[in-house]
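Engineer: Structure below; questions to follow.
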């Protein structure tokens, strides 16, 4: 035990832990709790039944009340443990509750009806996952529709963005032509025009193009990004021109050079941009909110937002849907954490 | 996937080769640029120009031809106040409420965010175990969608939520967090710091790791205390990164909409209505659709953002030239 402790408190330099080290670990532990806690709580809650969600104070683990099938009754009856009165210690099934009284029966002896007051009993619970919260999503809501819309937008927008931005980056990194500096400045200046400040005219243009209430109205306007062009251009600048010249000697067309040489060689930068694009598009909210007004076109984000208004009390479906919405991004994160970190650090975000 | 793209690329090669013969190699660059420039033109530059037309016309028609010219009346309506610090004295009181809410929000949010990001980055930069794991812990909320962030915290903060249960248990008593204007605002600041902090932590951590090791070794030789090497070496050398982070956070803070809108809907009342929500509501959410006012307000926001972006570009100037 002492050796384990010595190992744990050992720092790389071999010195003992200073009080600042303790403070650091305390801060980081608090960080785990504060950053992961809410998401863990959400996931646990999403497996609770509607009745369990109403429980106050709430429990960490999801519980369900035990039920029992009794001869002569079609539905399963909830079980209660009697904590007082003449049946103390017995487990009874409830038939119905009337005010402060409840009609119970003994499952062993279902003919006799017993009358008890409700403060003399407590429910018999067991830990159980309410997976019906999830299955309900597919039956009661057009969840798959929203999921498909989100997926379609994310994939198409990412592909389009990669193609368009890498073509521009190729031109800006590998060609000497008049006006190159002007184009570079134009691209930079679009940094100053975030979607949020041109919502009204953007809406007109998208409507005029017939893209209002169409998924393409969300996909196309964001396809060209200054961030994407610059990220790829910086990377392509590091590819030696000699490779291109050699290919030209072999009579390769410029297009072939672009997609057979430049694109494969820029794969790391393209991967980073792809991950960022997937993240932005999957989580996009304001522009889809304006363009997609019919519920069959909703993305998951829009559906979640509109349901939280409508289903104020139906938290069980809402929580399950929230979990399913964050799941794809969580998976991407787990596998590609390193790339995401480098990508964000090198582009400075959007 | 590749088997699908390859033939497609080969088909595109035919017209591209023809263009190459026609234009020559260097002019072909424009063909490569064309899709991007068309998209920029159509969805970035054209909207900027049109925004001015919208801002100077009235009515609720989206087609510019059907909109009557009102000159600067939209701007007058927006800025007509007896006292700009008191939204009640303004003709467009909601705009000024949004302006002041946003100002307060950005000040608090950016302050807390930069402070906590710096603290976290400094701690993560120490000689600690499992650094990668802890970095991931602080970073992962960045990936969550704004709506998901809002719902996670709404669930925790609801009247019979886990936080109130905890407070009841300690005897402090629960609070109806999102019904109280002050608390709703405070929690909006909190969730937005929670959601975005990891991003700035990452940038600051990269900045810290770029500080050469030998500077610290020299400090140890001179028997400088850890506190002294923090205030005299680390912080001054980190200042450029801090500035970038500050400006980035300001640019994003001004545009805050998604998570707070999904979290509080701007309420209670207008307590958490920010400027982008004002634009959204005037232009798109309710009837009549006052595109003119929305566009005029957008222009005012754009002015602030352009100034901030220019500062950002100036700070980043080494990365963009060449």
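Cβ atoms are placed via backbone N, Cα and C, with glycine included.
The model shown is predicted, which means the values in this text are computed figures rather than measured ones.
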Engineer: For which of the residue intervals B:71-91, B:260-280 does TrEMBL record transmembrane segment?
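Structural biologist: Spelled out, TrEMBL records transmembrane segment over residues B:260-280, not the other listed ranges.
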Engineer: Among B:157-184, B:185-212, find the range that TrEMBL records as transmembrane segment.
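Structural biologist: My reading of TrEMBL: the transmembrane segment range is B:185-212.
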Engineer: I need to check the long-range neighbours of the transmembrane segment (B:28-50): which residues 6 or more away from its ends have a CB within less than 8 Å of a CB in the stretch?
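Structural biologist: Contacts with the transmembrane segment (B:28-50): 16, 19-20, 64, 302.
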Engineer: Same chain, outside the transmembrane segment (B:136-156) by at least 6, Cβ under 8 Å from its Cβ: which residues?
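Structural biologist: Contacts of the transmembrane segment (B:136-156) (Cβ under 8 Å, skipping residues fewer than 6 from its ends): 120, 124, 162-163, 178, 187, 190-191, 194-199, 201-202, 258-263.
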Engineer: Which bits of the chain, at least 6 residues beyond where the transmembrane segment (B:292-315) starts or stops, bring a Cβ under 8 A of a Cβ in it?
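Structural biologist: Residues 48, 51-52, 54-59, 67, 70, 74-75, 77-78, 92, 95, 240, 243-244, 247-248, 250-251, 254-255, 275-276, 278-280, 282-284.
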